[in-house]
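Novice: Below you will find the structure I want to go over with you.
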Amino acid sequence: MSGGGAEEEANLEFTPTWVVAAVCTVIVAISLAAERFLHYGGKFLKNKNQKPLYEALQKIKEELMLLGFISLLLTVSQNGITKICVPPSVTRHMLPCSLDEKEKVTVEHLLGQDRFHFERFFSFPRRLLAETQGTETETHALAKTEFCARKNKVPLLSVEALHHLHIFIFVLAVVHVTFSVLTVIFGGARIRQWKHWEDSIAKQNYETDQVLKRKVVDVQQHDFIKGRFSGFGKDSAIVGWLKSFFKQFYGSVTKSDYVTLRHGFIMTHCKANPKFNFHKYMIRALEDDFKQVVGISWYLWVFVVIFLLLNINGWHTYFWIAFIPFILLLAVGTKLEHVITQLAHEVAEKHAAIEGELVVQPSDDHFWFHRPHFVLFLIHFILFQNAFEIAFFFWIWVTYGFDSCIMGQVCYIVPRLIIGVFIQVLCSYSTLPLYAIVTQMGTHFKAAIFREHVQVRLAGWAQEAKKKKGVKADSQAGEGSSHAVAGIQLGSVFQKRASAAEDGASVPKVEGSAE
């Protein structure tokens, strides 16, 4: 007898050693190649002094390690999970597909098997082999369910379903990391297009006549004010929000916006260094934020679990949930545009004419919950949710087919794909660049304002100051002294209002109170 089902189902005891060795060699080679690729990628980023991107790469390694642990956990616990037995009635509720669909698939499968056995029945020399294979297949299937069948119950989760879940988690993580990298690459490329604006400003700063020549200008004639606070409905809040909504789709950031926001940042945080390279600072700050965007936080996994719970037949959860990142993205883009409009509104109301450059006043009050960093949290959620939608679609397509009951009707599929592509393009083209510049208009600056070696020195200085503070506090505790001890923390140096910049910047004056 030439093989058949017995050989296909053979365990490791009856598998040729050359097969085991060959499979192990391929798996280990691929794993080592991937590990070496990440290793040399990290060395390349280090040599290029790209510490934020290197930390983002480390974050990707952490996600891969987490996926490996999840894979190991699912593999080890597979037998235990499949032996958890429940009454059949429990598995008939909250199904992604109706039981009618299941019966239809089962009937089609059985008809296919009957036709297969009918054809082989008339091939007499192979009849015994077919019967043997059928018996072995039935025996193997019964072996998986006989534990629960003895109790008149069914497994909580089948081996096949567990395997599909395993693949879905892996696909989700890979798609999320890929989409996040693409978003930052394309968004960063658009931000780098602003470099010629920075270069033109730097060139003007070197021209002495232009620097010394300060003239009085009508505020209403300034390009920034004309672009953001002029025309119909300039005093209407509703019209202002509508303009901000449509502004994110075209010319989200103009040269006058960049010049004015840049000048406001420098005059607030590093007034002593008018030649501060604001564009380079933005790029470093975006790279710092990238390591947070590329990761999968615990609350994102909670969202995945909630979606899997609510993916019930007839609810079309996968369709309605696609509108969550869509609406959030439009809201974030509108809010960021409206922050620029508010800055223009404040200047236009306070001044009729100004001497020199227009100066806006950065403030956390313009942002949701007075936290500019909250916008990054929303962008992180939007990118993950969009990646989840795309990953879920392709996973269902490859695993169950395009006609699967989970996939749904075409009228639900096409809008999901269109929304997913729209979110990816808009976030890269408009929202991420807006985030990079507008969130600099908060009360505090980011750690990226300092060069790397300065950050290291400040960290050491802050640690020493913290230790001295603790020693001094202990010595005064016994005497009952009520003197306040000035504490300097690294977070204060990076977060509080200050005026420090790159080479040539003055040391910031740190506020004494903690945030």
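Placed from the backbone N, Cα and C atoms, the Cβ positions cover glycine too.
Sharing the features that TrEMBL gives for it:
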- 18-38: transmembrane segment (TRANSMEM)
- 64-81: transmembrane segment (TRANSMEM)
- 165-186: transmembrane segment (TRANSMEM)
- 293-312: transmembrane segment (TRANSMEM)
- 318-336: transmembrane segment (TRANSMEM)
- 374-397: transmembrane segment (TRANSMEM)
- 417-438: transmembrane segment (TRANSMEM)
Novice: Tell me if the transmembrane segment (165-186) touches the transmembrane segment (318-336). I count contact as 3 or more CB pairs below 8 A, with pairs 6 or more residues apart.
Specialist: no
Novice: Of the listed stretches 18-38, 64-81, 293-312, 374-397, 417-438, which one has the most C-beta pairs under 8 A with the transmembrane segment (165-186)?
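Specialist: Stretch with maximum Cβ contacts: 374-397.
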Novice: How about long-range neighbours of the transmembrane segment (293-312): same chain, 6 or more residues beyond its ends, C-beta under 8 Å?
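Specialist: Contacts of the transmembrane segment (293-312) (Cβ under 8 Å, skipping residues fewer than 6 from its ends): 56, 59-60, 62-63, 66, 94-96, 172-173, 176-177, 180-181, 183-184, 318, 321, 376, 379-381, 383-385, 388, 406.
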